[in-house]
Amino acid sequence: GAPFTLGFNTAFRGGSVMGYALCSLGVLILWILLTFYRTIYPEADDWEILFDCAAGYGLGGSTVAMFGRVGGGIYTKAADVGADLVGKVVAGLDEDDPNNPATIADNVGDNVGDIAGMGADLFGSFAESTCAALVIAAAAVEGSHNTLSEAGWDAMLFPLAISAAGIVICILCGFVATNVSPVKEEKDIETVLKVQMVLTAVLMLPVIYYLATVLLPHEFRLEGVRLTEDGRPAKISGSPYKCFICATMGCVGGLIIGLVTEYFTSHSYVPTRELASACKFGTAVNIIQGLALGYKSCIVPVFVLSSAIYVSFQLCDLYGIALAALGMLATLSCGLTIDGFGPISDNAGGIAEMAEFGPEVRRTTDALDAAGNTTAAIGKGFAIGSAALVSLALYGAFVVRLRVKTGVNILEPVTFAFLIIGCMVPYWFAALTMKSVGKAAGEMVAEVK
């Protein structure tokens, strides 16, 4: 059991470096920014401008995330595919064989795509959801008292408090995986990682409730985007309990998305095993089954997201949706730890193979890597789910600040036409990225040959 315990703990702690560094830096820099801006806009009436300025923080994160994610993603997949093609298919070598120079590119690729790209992506979501919540909370309601900015600075920073508390909870839960119930044998790996996810999400709920009751006023008014009967924007009244429910929808929703992702990608469950047995009948069946499985896996997450959006929008309008995104990202430190675990184990296997260690080392790293692939998918589930909520909240924050009284009418021909075009763009984008992976992998094979 010792090699599993030591190997798991090393990979887990390595992943946690990324998780805690990203979340704590994200919260710290935002807090410093807000404290600095507060010296320029000390009055509560000017906080609307203050948080508009701070919104640039989230957008800056997303700009970098786009390049980190796509650039890193294409690099890592092209290197992986290229190394496998030229090694296994052309030259008949083992995976990660030291005679194959492309193996180095593959190992570097894991860092570039799965660590740097994933980190940048989730940092973008993390910063944006916090900024969206702050901007919406600061939007002054015309002719109405009880706004959050009147309640004081602490009430405004409720979204930041959720993220900060999340870091502490994740640190405490981290000891469960490494010290309290460590990994003894191969089948423990997935269990321990799943316990981490569930435990952090469950412990987060009472903490969010406590923060809401302490920081938020008993009742407050928000500027909404929903329209009343006579076409004026509805005045939304929020309460700590409503805010708690919104954040809970996100936190539990994220957990469900994670568990569904695990079910569809883990080698312990039916879908992956069915796909593995389908591979006996050749490549075509494998590709068709794999695509079908992938499309099927997004049914539950879409329902989870839409129910989270519906409930939070009903309770607290856009502020609710921003809080749901924050709830989903509250346990981000833990999510990123689990996510960084995969590439670390993968690289360890590559290093062991190239250093020509004995087969038992490779067995240990392969077991960790198999669990790591599943957990990497869980991270992607969180990233995508939170990004959907964040983009909605940001769009809403934009509408709130514009004070658009009409609302966006979907039935305008132009709007509708471009919506359809917008739905098509991701497929176009996916086709381009897949093609560039294939092209780069092909060039790599030619180069190595």
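Think of each number as a place in line: the chain as shown, counted from 1.
Placed from the backbone N, Cα and C atoms, the Cβ positions cover glycine too.
Any TrEMBL annotation is an automated prediction that lacks curation.
These figures come from a predicted structure and were not determined experimentally.
Remote same-chain residues near the transmembrane segment (17-37) are listed as 50, 53-54, 57, 115, 119, 122-123, 126-127, 130-131, 157, 160, 163-164, 166-167, 170-171, 332-337, 339-340 (criterion: CB distance under 8 Å, separation of at least six residues from the stretch ends). TrEMBL lists 17-37 (among others) with the feature transmembrane segment.
Annotated transmembrane segment per TrEMBL: 157-177 (among others), in sequence order.
Beyond the ends of the transmembrane segment (197-216), by six or more residues, the same chain brings 148, 151, 154-155, 157-158, 161-162, 165-166, 169-170, 172-173, 176, 238-241, 243-244, 247-248, 251-252, 254-255, 258-259, 327, 330-331, 334-335, 338, 378 to within a C-beta distance below 8 angstroms of the stretch. Annotation source TrEMBL lists transmembrane segment at 197-216 (among others).
Look at TrEMBL and you will find 243-264 (among others) tagged as transmembrane segment. For the transmembrane segment (243-264), the list of distant contacts is 158, 162, 190, 194, 197-198, 201, 204-205, 208-209, 212, 216, 271-272, 293, 296-297, 300-301, 304-305, 307-308, 311-312, 315-316, 319-321, 323-331, 335, 374-375, 377-378, 380-382, 385-386, 389: same-chain residues at least six beyond its ends, Cβ to Cβ under 8 Å.
Residues annotated as transmembrane segment in TrEMBL: 284-311 (among others).
The annotation transmembrane segment is assigned in TrEMBL to 318-338 (among others). Within the same chain, residues 12, 15-16, 18-20, 22-23, 118-119, 122, 125-126, 129-130, 132-133, 136-137, 159, 162-163, 165-167, 169-171, 173-174, 193, 196-197, 200-201, 204, 208, 222, 224-225, 236, 238, 242-243, 246-251, 253-254, 258, 308-309, 311-312, 375, 378-379, 382, 385-386, 389-390, 392-393, 396-397, 400 sit at least 6 positions outside the transmembrane segment (318-338) and bring their C-beta atoms closer than 8 Å to a C-beta of that stretch.
Here TrEMBL flags 377-398 (among others) as transmembrane segment.
Per TrEMBL, transmembrane segment is recorded for 410-429 (among others).
For the transmembrane segment (284-311), the list of distant contacts is 245-246, 249-250, 253, 256-257, 260-261, 264-265, 271, 274-275, 278, 320-321, 324, 328, 381, 384-385, 388-389, 392: same-chain residues at least six beyond its ends, Cβ to Cβ under 8 Å.
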